[in-house]
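Pulled from Swiss-Prot, these are the features on record:
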type	residues	note
ACT_SITE	HIS37	active site, proton donor
BINDING	30-37, 149-152, VAL178, 186-189	ATP binding site
BINDING	GLN61, GLN155	(R)-pantoate binding site
BINDING	GLN61	beta-alanine binding site
Amino acid sequence: MNTVKTVRELRAAVARARSEGKRIGFVPTMGNLHSGHAALVAKAAQRVDFVVASIFVNPLQFGAGEDLDKYPRTLAADQEKLLEAGCHLLFAPTVEEMYPDGMAGQTRVSVPQLSEGLCGASRPGHFEGVATVVSKLFNMVQPDLAVFGQKDYQQLAVIRALVHDLNMPIQIIGEPTVRAADGLALSSRNGYLSEEQRAIAPVLYRSLSQIAQAIRNGERDYPKLVAEQQQQLEAAGLRRDYLEIRQAQNLRPATAQDRELVILVAAYLGATRLIDNLHLDLDTPA
């Protein structure tokens, strides 16, 4: 695996791979990688001949008071994990390489509606930052396909819409969330949790699972289900940001008639914000 830090080097390496007839896969990350990221790279490696990953902590998607400065930078360890997972090329640019003219006047990409509500409500500007940097990276790499984790469900929906609306010839693959044995979704931010908090955190997935089971059992009073689980989260010591049941395809509020749902949660455990979701297809057996 080679590591490059400039757009020029990146494009040259991808051009060489294309000249050899290779299909290109892409996995963008912010680094501090775990088994979930490795699964994304492995999925890409199954589908294409040449896998590119990026590591870039994107300032545009962090708001005031968020964890931009303390977000872990672990490049050496990340390189080892990428190599083991089947990555061929790592793009690890600086902020200056990505935004050579600064960020104040940077052209922005916005995906309305899907970016509103849920994480978009509590993190204003976040998805604009995501859509902008992903658009830049897609233009730099020009992959045949890109793989994203389903843990960031709203982000995945935003990126699917971005690719569709801007006519980008890129296949977007959503890879199922990788979980610890106790159900907690793997996340780079789990490292912020104390031992006591880590023991509490799996309640997020338990709440999602209990809602899903109740719906499968015929319960359609969604506000009641949400209220019950909100109480469970608060009793466990979490501060809820949101807990909602939405239509899986468009993230609109779910009705009793909808058959494909996604249950989404975001909550604070101490100062750490955790997110998770559970997809539910009522036409498919559990």
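Every residue, even glycine, has its Cβ placed from backbone N, Cα and C.
Comparing the Cα of GLN61 ((R)-pantoate binding site) with the Cα of every entry in MET30, GLY36, HIS37, VAL178, SER188, these being the recorded positions, the smallest distance points to MET30.
Of all Cβ atoms in the protein chains displayed, 18 besides its own lie within 10 Å of the Cβ of VAL178 (ATP binding site).
Rounded to a whole number, the C-alpha distance linking MET30 (ATP binding site) with HIS37 (active site, proton donor) is 10 angstrom. The distance from the Cα of GLY36 (ATP binding site) to the Cα of GLN155 ((R)-pantoate binding site) comes to 16 Å. The CA atom of GLN150 (ATP binding site) is located 11 Å away from the CA atom of HIS37 (active site, proton donor).
Calculated from their C-alpha atoms, the gap between GLN155 ((R)-pantoate binding site) and HIS37 (active site, proton donor) amounts to 15 Å. Applying an 8 A CB threshold to same-chain residues 6+ apart, the list for SER188 (ATP binding site) reads MET30, GLY31, ASN32, LEU33, HIS34, TYR71, PRO72. Straight-line distance linking the Cα atoms of VAL178 (ATP binding site) and the residue listed as 'active site, proton donor', rounded to a whole number, equals 9 Å. With a 10 A radius on its CB, GLN61 ((R)-pantoate binding site) counts 21 other CB atoms from all the protein chains. Taking all protein chains in view, 19 other C-beta atoms sit within 10 angstroms of the C-beta of GLN150 (ATP binding site). In three-state terms derived from DSSP, LEU33 (ATP binding site) belongs to neither a helical nor a strand segment and is classed as coil.
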